[in-house]
Amino acid sequence: MKFTTALFSLAACVAAAPVTELIERQIGAVGTTANELSVGSCRDIIFIFARGSTEIGNLGGSVGPPTCNGLKREYGSSRVACQGVGGPYDATLGANVLPEGTTSAAYNEAIRLFTLANTKCPGSTVVAGGYRQADQGAAVMVASIRRLSSTIKNQIAGVVLYGNTRNAQENGKIPNFPTDRVETICALTDGVCYGTLTVTAGHLSYSDDVGDAVDFLSDRIGDA
C-alpha cells in the first residue's frame with residue numbers, strides 16, 4: 001500500500017511538471033533575464049526590476065521572475081514587458097557599505113531604463129520592484145526613483161520593495177515619491193529591514209509574498 005501511494009504521488013508530480021511548463025509557455029514567462037523594454041516593442045505595462053546581490057541574470061532567481069510572470073498571468077504576456085536592471089549594475093556585495101547601499105553606476109542604469117520607458121513608451125503604465133538580498137536591489141530603486149523628474153515619476157504607478165535595507169532610514173518610503181504607490185514588504189524576522197545589515201532567515205522568505213506584491217501592483221495599475 002505504501003509503495004502504491006508513493007508511486008501514485010510520483011506519477012502525479014511527473015504529470016504536473018509538463019502542465020506547469022505548458023502554462024509558463026502560454027503566458028510567455030521569463031526566467032532570470034528579461035529585456036523586453038530594451039529590445040521589444042511597447043506594451044501596455046512595463047515592469048522594471050532590480051535583483052538582489054549575487055543573483056544571476058538581470059531579474060535574479062528569486063522574486064523577480066515570479067513577480068513579472070504574475071503580472072503576465074494577470075494581464076497577458078502581450079500586454080506586459082519585463083525589464084531587469086543589468087549592465088553597470090553588477091549586484092556585487094561590496095556596494096552594501098556605500099551611503100545609498102548601491103553605486104551611482106547602478107542607480108543611473110535604473111534611471112536610464114525609467115527614462116527609456118518614458119521616451120519610448122509614454123503611453124505605457126510603469127511598475128517597478130527591487131529585492132535586497134544582502135544589499136542593493138531595493139536600494140537601486142529607492143536611489144533611482146527619488147532622482148527622476150516629475151514627468152517620469154508620474155508614469156510609475158507602483159513600486160514593490162522586498163526586504164528593503166533602507167526601510168528604517170526612509171520609513172518604508174521613497175523620498176519625493178507618493179507613499180501610496182510604494183509597498184515595502186519586510187518580514188518581522190528579516191534583520192536588514194530594521195536598521196542592521198544582518199541577513200537572517202526571514203530575508204530569504206519573500207517568495208511567499210510574491211502574490212501580495214502582484215496584487216498591490218495590479219491595484220495600482222487599475223488606479224493609473
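Any Cβ shown, glycine's included, is placed from N, Cα and C.
Those TrEMBL annotations? Automatic predictions, nothing curated.
Worth saying up front: this structure is predicted, and the values here are computed from it rather than measured.
For Cys121, the cysteine that TrEMBL lists as its disulphide partner among Cys13, Cys42 is Cys42. Annotation: Cys186 carries the greatest number of neighbouring Cβ atoms among the disulfide-bonded residues Cys42, Cys186 [cut-off 10 Å, Cβ to Cβ].
The number of other CB atoms found within 10 A of the CB of Cys121 (disulfide bond), across every protein chain shown, is 20. The two recorded residues, Cys42 (disulfide bond) and Cys186 (disulfide bond), have Cα atoms 32 Å apart.
A distance of 32 Å separates the Cα atom of Cys186 (disulfide bond) from that of Cys121 (disulfide bond).
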